[in-house]
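Peer 1: Sharing the record's features from TrEMBL:
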type     : residues  : note
TRANSMEM : A:20-38   : transmembrane segment
DOMAIN   : A:81-272  : domain 'ABC transmembrane type-1'
TRANSMEM : A:85-106  : transmembrane segment
TRANSMEM : A:118-141 : transmembrane segment
TRANSMEM : A:153-172 : transmembrane segment
TRANSMEM : A:206-228 : transmembrane segment
TRANSMEM : A:248-272 : transmembrane segment
Amino acid sequence: MDRNQTHRNRKRALKTLHFIALFATMSVICIPGLWIVLNSFRPTVEIMAKPPIWTPTFTLDHYRAMFSGAGEGGVPVFSYFRNSLIVSVVSTAIAILIGMSGGYAFARYRFKGKAGYFVGLMLFRAVPGVALSLPLFIVFAKVGIIDTHFGLILVYVALNVPFTIWLTDGFFRQIPKELHEAAEIDGCTRWQAFWKVEFPVARSGVASAAIFAFLTSWNEFALASQLTRSVGSKTMPVGLLDFTAEFTINWGGMCALAVLMIVPALILTFIVQKHLIAGLTFGGVKG
Amino acid sequence: MTEVNLSKVVKFYGKHRAVHGIDLAIHDGEFVVLVGPSGCGKSTTLRMIAGLEDISDGEVSIGGRVVNDLPPRERNISMVFQNYALYPHMTVRENLGFSLKVAKKEETEIEKAVDEAAGILGLDELMERKPAELSGGQRQRVAMGRAIVRHPDVFLFDEPLSNLDAKLRTQMRVEIKKLHQKVGNTIIYVTHDQVEAMTLADRIVLMQDGYIVQVGTPLELFNAPVNTFVASFIGSPPMNLIDGTVSGTDTIKLAGGLDVPVPAAARGQVTDGQKVQFGFRADNLMPEGHAVQEEGEKANLELTVTLTEPLGTETVLFTDIAGTEVQAKMLNPRPVRPGEVLKFRLMLDKCHVFDANTTEAIRG
């Protein structure tokens, strides 16, 4: 009896510890986001108040100001949103197409220097993006694609392709080669076998690669802040800088714009998440 | 008429030669089994016929048409894979109809063909399920259904039963044989299991190290193996082989000092002093009173049983001849204790002699 009791107590204690650890981790992840959302709805006085005010006042002033004219603290939200959307969607689509082809090639074909190429691609990921900003700036300025959607798309495609290759390679590797062989015997060309069989089976992998690529482009700040200047090409993260003046920072406005930035990303992740789970039901071949 | 002809077919993987120029003619409607230990080139050969591997040299023709440079889809074949290779994102119905859909057949025609195949294989209940929801045997049947739906010229089976448990394997074996009797197509079947080969094949092609060792009906391979490899690969338990030396023209002195007469088939083919291997199957060494009554030359031996394997209708007895472990069979078995000494009869007419150097059979 006694031993059972101590065993049960220990189990309970472990479970409690488990929850505390989980809670702490989630707090670290979630509190900054929560802080942003809450502050976007609070008057600036309250945000800056010391000691902090614990019972917040609800206000939509920051949102109202953001969407109003240039003289009243407004920023061109719609332009920034459109720029972000164009750049992120196009660069993600291109990166997925290229990355998926690359990942498939690495997973399926044997060619000379395969391992070397793969390591090389991964090394590209190791280079911090900011380190590239100055060379890119100079090259882009010379070529004349600075401050354009095209330039930014090009950069994001280059950033995302290695990771996409790495991720999709893993997914295609999990698909037995007999699937495309069966499809080819069933009358498909190699191309059809890919699109009718292997792609649908790997779509969960492609979807997760797409989310990562999209979020990278959507959230990227360092390079975009160097390579874009005008309302016509600035993305939302760069737009956040509009709220900093020489001596002051409009925290409330910045938080409001940040919320607008987070919402589409959240929605997208939420939609694709279902695909991620649905796509993972393998079982056509004996595991 | 769908014959499959292989002529001097060679396969290289880099510098490694996996298949060494094999010749094989498979007749229309024949069930041919390629069998051999792993790495013998049987799967590679099948995949070359399917078009999944390039043919390094030689020629493969299906129905009189050279297919070396044709992609799989233009060879009018279908294949059942070891891991089934069902399309996991499609239902059973979609899996079965896939090839016809790719061929852009009419919706009604597809449905008819799919229902017919489902009927043959008893899949009607499973049509709306996904492969993940099926058991191993059911997946196997779907894979076979997918193969028969399009009425191919040739069926290719690549170790289709290896992933099933023993009981299911026996059951599916019967179904495959029934299927062949029903549809009557040419079948090329690869397996490493000699029992599958014996039970299914019209003709067995036994391969080793990229060469064809022997081609023949199951009984030909069983009764007249061309060398010791065939003798020990085909049949269960494998043929007993004992080293010996020919003395004079009609006696073989076995390693332990036992003398046996040269079997009739080899008489006149051996020379004095020739090193040989003397072979016989367990069925031809039986204890007195528990043997098949057959006419013919016999030798009597007194042997000590070391181990028994009761199988019900018969018991396999392990014993020792001249220091070599051999297996014998006891019909209408009674309990035998290890250490018991029994009188055995060896059917000399059924014995084989192989040259010890070349391992080839010595036969008139």
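Note that the numbers count up from 1, one per residue, in the order the chain is shown.
Backbone N, Cα and C atoms are what each Cβ position is placed from, and that goes for glycine too.
How buried are the listed features, and what sits near them?
Peer 2: Sequence-distant contacts of the transmembrane segment (A:20-38) (same chain, at least 6 residues past either end, Cβ-Cβ under 8 Å): 56, 255, 258-259, 262.
Same-chain neighbours of the transmembrane segment (A:85-106): 114, 117-118, 121, 149, 152-153, 156-157, 160-172, 194, 198, 206, 209-210, 213-214, 217-218, 235, 264, counting only residues six or more beyond its ends whose CB sits under 8 Å from a CB of the stretch.
When Cβ-Cβ distances below 8 Å are used as the criterion, the transmembrane segment (A:153-172) is approached by residues 87-88, 90-92, 94-96, 98-100, 102-104, 106-108, 118, 121-122, 124-125, 129, 132, 136, 145, 198, 202, 204-206, 208-209, 212-213, 216-217, 220, 223, 227 of the same chain, each at least six residues removed from its ends.
Counting residues 6+ beyond its ends, the transmembrane segment (A:206-228) has Cβ neighbours under 8 Å at 83-84, 87-89, 91-92, 95-96, 99-100, 129-130, 132-134, 136-137, 140, 146-147, 151-152, 155-156, 159-160, 163-164, 167-168, 171, 199, 234-238, 240-241, 261, 264-265, 268-269, 272, 275-276, 279 in the same chain.
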